Amino acid sequence: MTHMLRLAVPAIVIGLLLWAFGSGDIGTRLTRADPLWVGVALACLWGQTILMALRWRLVARCLGLRFGAGWAIREYLTGQVVNLTLPGGVLGDASRAVRSRDGTGWKPAAQAVVIERVAGQVGLLVVGLAGAVWGLAAPGAFDWPPGLLRGLIFAVLLGIGLAAGIFAAARRGRIADLLRRCLPTRRIAGAQVALSLGAALLNVAAFAACARATGTALGPQATLLLVPLILTAMLIPLSVAGWGWREGAAALLFPIAGATAQAGIAAGIVFGAAMMLSVLPVLIFWVWPVSERTG
């Protein structure tokens, strides 16, 4: 029943958005989407996947698991295929944990996957907070609906508090011990920061490219302010790969940057399609398997 609900909710939400805002302009934007900018979005998503796979490999190595970069990329792409097509959004991550344990037991394999995913969310949080602070520093640059500016300020304060709480929790107990194992040196810590921020920025850039493909040019400030919020909406349960919630968030937030809600919906739909296309390189790995795990 829950699986059916996760499939039905995105269709219902998108249907309501099309009914509320009209499908004419949205359809025109979709049919006239610029393939060049869609290609840019795909390149960003491919780059993001590579960085995330390397981040997972680095965490896993610190926990005693060994596999090559090619194997990590293949398994990450395979996990994305599962996450993008099945409800829940975590079955692909579970499959990565199962396939990477290699006789070492469940615990380090599961820890590596969980820590890698958390690092990704922290990277997006940092980018989003930076964009929010930048946006709040120049409130006149955006058309804030009543109450939304206060909501953003609250979200920034909440994000800062959450980050402070995570930092405090990470300094003691089992979490601290685990982090010390995953970040044993400054070099590895720096690499993890670079991989996480790089992956987050490429994800944001991919959405901005989809917006450009459908006729909306978001400036750097608007991109860093709005896109992380839109991508965060994809984490809301009762969806598959964020469909529906992403388009709804874009419809709400695009007018702040002077664009239309229809433009936001179209950008969200193209981004979802680009995400589906971005996992197709996994076919190369399936046809020409990468067998080595050492690395």
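Glycine is no exception: its Cβ is also placed from the backbone N, Cα and C atoms.
For 38-56 (among others), the entry in TrEMBL reads transmembrane segment.
Annotation source TrEMBL lists transmembrane segment at 122-142 (among others).
If you look up TrEMBL, you'll see 148-170 (among others) marked as transmembrane segment.
Residues 29-30, 32-38, 40-42, 44-45, 47-48, 51-52, 54-55, 58-59, 119-120, 122-124, 126-127, 182-183, 223-224, 227-228, 230-231, 259, 263-264, 266-268, 270-271, 274 of the same chain lie 6+ residues outside the transmembrane segment (191-214) yet bring a C-beta within less than 8 angstroms of a C-beta in it. Annotated transmembrane segment per TrEMBL: 191-214 (among others), in sequence order.
Annotated transmembrane segment per TrEMBL: 226-245 (among others), in sequence order. Below 8 angstroms of C-beta separation, residues 5-7, 9-14, 17, 83-87, 89, 121, 124-125, 127-128, 131, 155, 200, 203-204, 207-208, 218, 253-254, 256-257, 264, 268, 272, 275-276 of the same chain, each at least six residues beyond the ends of the transmembrane segment (226-245), sit close to that stretch.
Annotation source TrEMBL lists transmembrane segment at 265-288 (among others).
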